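Annotated pyridoxal 5'-phosphate binding site per TrEMBL: GLY116, ALA117, PHE149, ASP234, GLU235, VAL236, GLN237, THR292, in sequence order. Annotation source TrEMBL lists N(2)-acetyl-L-ornithine binding site at ARG152, THR291. Under the heading N6-(pyridoxal phosphate)lysine, TrEMBL lists LYS263.
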Amino acid sequence: MNDHPRSLHDTPHAAVNRQTFDTVMVPTYAPAPLVPVRALGLDLWDQSGKQYLDFTAGIAVTSLGHAHPAVVDALCQQASQLWHLGNGYTNEPVLKLAQALTDATFAERAFFCNSGAEANEAAFKLARKYAHEQAGPHKSRILSCVNAFHGRTLFTVSVGGQPKYTEGFEPLPGAIFHIPFNDIAAARAAAGDDVCAIVVEPVQGEGGVMPATREYLQALRELCDQTGALLIFDEVQCGVGRTGALYAYMNYGVVPDILTTAKALGNGYPIGAMLTTTAIARHFGPGSHGTTYGGNPLACAVALQVIETINTPAFLGRVKEASALLLQSLEAIAADYPQVFASVRGSGLMLGMVLADGFRGRAKEISKAAEAEGLMVLIAGMDVLRYLPALIVSDAQIVQADGMLRAALDTLLASA
Ligand SMILES: *Cc1c(COP(=O)(O)O)cnc(C)c1O
């Protein structure tokens, strides 16, 4: 095809490989040995042509599968019309997307950015600004949960509850306090008039695929109402249909003041959003917050197509059906391999297999063995195998993945 490459773009892909990563990339990641080159739905092919079944969806991002035709179409159509303007101008896709998101949720206002971390950064800044203007600068403490994950900017890693992500980056932003997840008494003890926000993932993702209890989210709502703090739900991972509801808060019947969403919102095209009410949104004025790319027409046209595709009763009903089938499969595997797995937990198509005590710390080994069988799965920490397949996963693919994981476990146990 490319006998005479004229630029880097024309270089056949075999000219770069996994080893190239170690010579030209800042080593913030340790990627798998395979380099994917093409994907369709949940099927993916690497440089050597080997096929994989993708049950990671790019970490809960490509929820409509790879190269979904309606999303590709929305992208291509918008790409030939208008990509970018800057915030001195608004545009039709961003207004339509804001309308769709506010029609579909508790929210009345939307702010757009490019990632989950940026959506949370906006939420935390807005909560501080709101509290300072309503009550004064003493009201600035943020409560968040142990093991929470909110992104990688300095503010969001500091609010996140995993010390391994802040070590070495001190000094950190202050007035942040961590409480154990799902512990109502601890939340009550930590709450007070100096708290501006309580932030929580309705289903903790990176922290181990752990759903909040209804009582816990209700208690946080009450605490916020009593103290004037804002309740922030980080739905970056669990939102956009992942749990079988458009947003997980809808399953719980507990409404936040601010909701952050990203990941699946663009199905792989970078976009994030912070959703809130008019009364809270008015504490941000022109110039108080922003980002160059936020709300650009290209990202918004894609996200609008994603929301319109996912937010139908039929689509969300199918997510629940697929969830029940996958749960059944994982529970059967856990029962058949009790030396490996202790339990299965999660919500919708966000499921985790918790390792048994005798297998602690070995999640990565299992995911690598699965990959060798052609199944891509994630881990959440070293003790949980994490399943986040595209929401369009078929019954046949769930059965196929079941067989692949069993084969991987048999190989792993035989070599031990
Ligand atoms: C992934 C994630 C983030 C960060 O999103 P980025 O797009 O990587 O910045 C924040 N919160 C949760 C719950 C996430 O899963």
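Each Cβ is built from the backbone N, Cα and C atoms, and glycine gets one as well.
It is 18 Å from the Cα atom of VAL236 (pyridoxal 5'-phosphate binding site) to that of THR291 (N(2)-acetyl-L-ornithine binding site).
Long-range Cβ neighbours of THR292 (pyridoxal 5'-phosphate binding site) (same chain, at least 6 residues apart, Cβ-Cβ under 8 Å): GLY86, ASN87. Among the residues GLY116, ALA117, PHE149, ASP234, GLU235, VAL236, GLN237, THR292 said to bind pyridoxal 5'-phosphate, no two Cα atoms are farther apart than 25 Å. Sequence-distant neighbours of ASP234 (pyridoxal 5'-phosphate binding site) (same chain, 6+ apart, CB under 8 A from its CB) are GLY116, ASN120, ALA123, ALA148, HIS150, VAL199, VAL200, GLU201, THR260.
According to DSSP, VAL236 (pyridoxal 5'-phosphate binding site) sits in a coil region rather than a helix or strand. Proximity to ligand 1 at the level of Cβ atoms, with a cut-off under 6 angstroms, picks out GLN237 from the binding-site residues GLN237, THR291, THR292.
Counting other Cβ atoms within 10 Å of each Cβ, the lowest count among the binding-site residues GLN237, THR291 belongs to THR291. Residue pair the residue listed as 'N6-(pyridoxal phosphate)lysine' / GLN237 (pyridoxal 5'-phosphate binding site) shows a Cα separation of 6 Å. Most Cβ neighbours within 10 Å, among the recorded positions ARG152, LYS263: LYS263 holds that distinction in the structure as shown. The Cβ of PHE149 (pyridoxal 5'-phosphate binding site) lies under 8 Å from the Cβ of GLY160, GLY161, GLN162, GLU201, GLN204, GLY205, GLU206, GLY207, each on the same chain and at least six residues away in sequence. Cα to Cα, THR291 (N(2)-acetyl-L-ornithine binding site) and ALA117 (pyridoxal 5'-phosphate binding site) are separated by 13 Å. Cβ neighbour density within 10 Å is lowest for ALA117 among the binding-site residues ALA117, VAL236.
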